[in-house]
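Written below as structure tokens is the structure these notes are about.
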Amino acid sequence: MNNSLSPKAIRELREETCNPLGAPQVTTDLSENIIMTSLDDLHNWARLSSLWPLLYGTACCFIEFAALIGSRFDFDRFGLVPRSSPRQADLLIVAGTVTMKMAPALVRLYEQMPEPKYVIAMGACTITGGMFSADSTTAVRGVDKLIPVDLYLPGCPPRPEAIFDAVIKLRKKVANESILERNKSEQTHRYLTVDHEMNLVFSENTGEYLNKKSEKSIESSKLNPVEESSENIYETNSIDEVIK
């Protein structure tokens, strides 16, 4: 009897006796059942969809960012949830003028943020000092002298649409990062420092120009003798008239 059964029948009989429930059926379209990705892509996708900003507003630029909270722009659709604690935030948005007294507080907030963290410099006063960079002794000429900046957003002030564009560009940067490369590029210094090669240069200014006469003094010295001679001639003529 066993010799009359085909190999296929024997296989089916064995499956029925060994596994009465039957083997699970796998569909031919594997793309609907299997997701293939890398750890970097999965990690970046989770982070770019939930950027929690810490809002550091010191001047008028922050008013434009406050407009994003309303229903007209609704920045919640990007996953932005404002936080009041730096330990719960991964994005620092600096908007407004940064003074010398506020610089240590800003650096402390940045240090308390967990890795990975990002910084957006919003407005001209934050990037370069703005109108206070000319004659102010208390304004910081650029927040990148204190903390590393990932994205610069110029404007005085920037519009809410420009802030959305900056967030989208930052999301693209987050999506292309690697965990290993991010660990290599972590900041090791308290402040953002740059190595400079100082060369000794002697000044060409010897101070001789202070002893030189100006062009006005030279011209006045040339004109004075003529005036004196004309006055002498007038005096001699008047004396002659009196004698006559």
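The backbone N, Cα and C atoms fix where each Cβ goes, and this holds for glycine too.
So that you can see what the record holds, here are the features copied from Swiss-Prot:
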| type | residues | note |
| --- | --- | --- |
| BINDING | CYS60, CYS61, CYS125, CYS156 | [4Fe-4S] cluster binding site |
| REGION | 213-244 | region 'Disordered' |
| COMPBIAS | 231-244 | compositional bias 'Polar residues' |
Chain-internal residues near CYS125 ([4Fe-4S] cluster binding site), provided their CB is under 8 angstroms and they sit 6+ positions away: ALA59, CYS61, GLY96, THR97, VAL98, MET131, PHE132, ALA139, CYS156
CYS60, CYS61, CYS156 as binding-site residues, winner by CB count within 10 A: CYS61
Indicate whether CYS156 ([4Fe-4S] cluster binding site) is helix, strand or coil by DSSP. coil
If the [4Fe-4S] cluster site is taken as the center of the Cβ atoms of CYS60, CYS61, CYS125, CYS156, which further residues of that chain fall within 8 Å of it by their Cβ? ALA59, ALA95, GLY96, THR97, GLY123, ALA124, THR126, GLY130, GLY155, PRO157
